[in-house]
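Database features, via TrEMBL:
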ACT_SITE  A:52  active site, nucleophile
BINDING   A:113  substrate binding site
DOMAIN    A:10-106  domain 'Pseudouridine synthase I TruA alpha/beta'
DOMAIN    A:146-248  domain 'Pseudouridine synthase I TruA alpha/beta'
């Protein structure tokens, strides 16, 4: 048995997220079908994180096991060829053999997302479905200041989807920073793990601060309330990118 | 009569370039139709430069004249609404009134393009139709060195499309630089004006240098030959972006 670890990039637009769904296409199904056709038997793909419909990945880490021993480079080339042939917008950026104690989800000790806002009046063309357009001017310094109240170990109930399956709403947010590059406002978030919708919910509230609709302190109040009803806004999925998963010894 | 100057962004994928074509959609037609429906009469749009099928624009400058005096902000909002409604991927980033002596094409004193290569093995997903993927490793320092032979006033016949309508093949290239940002290799080109296919032809030859197929000096030899048959490769349109037009007094 060989365990292959993949680094995946995808355009989230046509997928119902990473996880297999009965009612629509998923990244998991796309890669599992490509892998099955290469190795000649059904495989199960495990990823560092789930993602929602429309959410992108720059470098998701995943793995599957196979009876077939193939040079990893040949495997990644074959997977990419099959994914393209099937019309998928998923690419294998890297493929390596790992030990059986390495698990894409359970060994992962850190996850990072980036959220891309384009802060301008005009509709998006080149970045359509790649960013959230916010027309009103955003004060990124106020957003960054408000974000710092969320960093640390907290009960994130306010920023959690009603569909979240995590055992506890308590998470430790390692980093939440906001910076501007021209008309782009970029929000980086890092944690060991996140609740369902947590990043989009945090970004939505920061955008309200940026537009001047919420005072900076209201984000801390919303957190303290531990009440989903206090959430201001859930940012749309198309601005969200899973950008990094970290593992011990890397 | 009022002259309106527009700054346009577009995704070049669905268009046969800027200029109106009998056999397919163009950016000119898209904007002229939107403008006609706003001002109530036919208009003619003039742009700083033509672009080929599939070539993108970040900030093309253009103008049209109208009998109707509208606040420029209202005009740009109306144009964007109509462009979206018609399913176009063209956006008006800015709209101002200019004097009748200002001409998007004839007043323009500088044009800049950026060419985006993604230098990696895996197919593109998020950047599909937004960049040229080059699988073999590129030596960007060799590319930059080779590019410097093209800077200055030269007969660019080698780098000119057979369909080029310019009166003379002699142009002055002000800047051609190559830099790497991670797996992206970015080529910037600036001149008062360019020949048809000039940027893509120069980029194609630089890519041959970057892949080690051409020695650095061969670009200078190709230029000196003044022979289209000495062109190594024309880079594909999807990596090319018109990024800036400059005007006196700006």
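Backbone N, Cα and C define each Cβ position, glycine as well.
Over all protein chains present, the Cβ of residue A:52 (active site, nucleophile) has 19 other Cβ atoms lying within 10 Å.
A straight line from the CA of the residue listed as 'substrate binding site' to the CA of residue A:52 (active site, nucleophile) spans 13 Å. Per DSSP, the secondary structure of the domain 'Pseudouridine synthase I TruA alpha/beta' (A:146-248) breaks down as 35 helix, 31 strand, 37 coil. Across the domain 'Pseudouridine synthase I TruA alpha/beta' (A:10-106), the model assigns an average pLDDT of 97.
Its Cβ placed at the centre, the residue listed as 'substrate binding site' has 27 other Cβ atoms within 10 Å.
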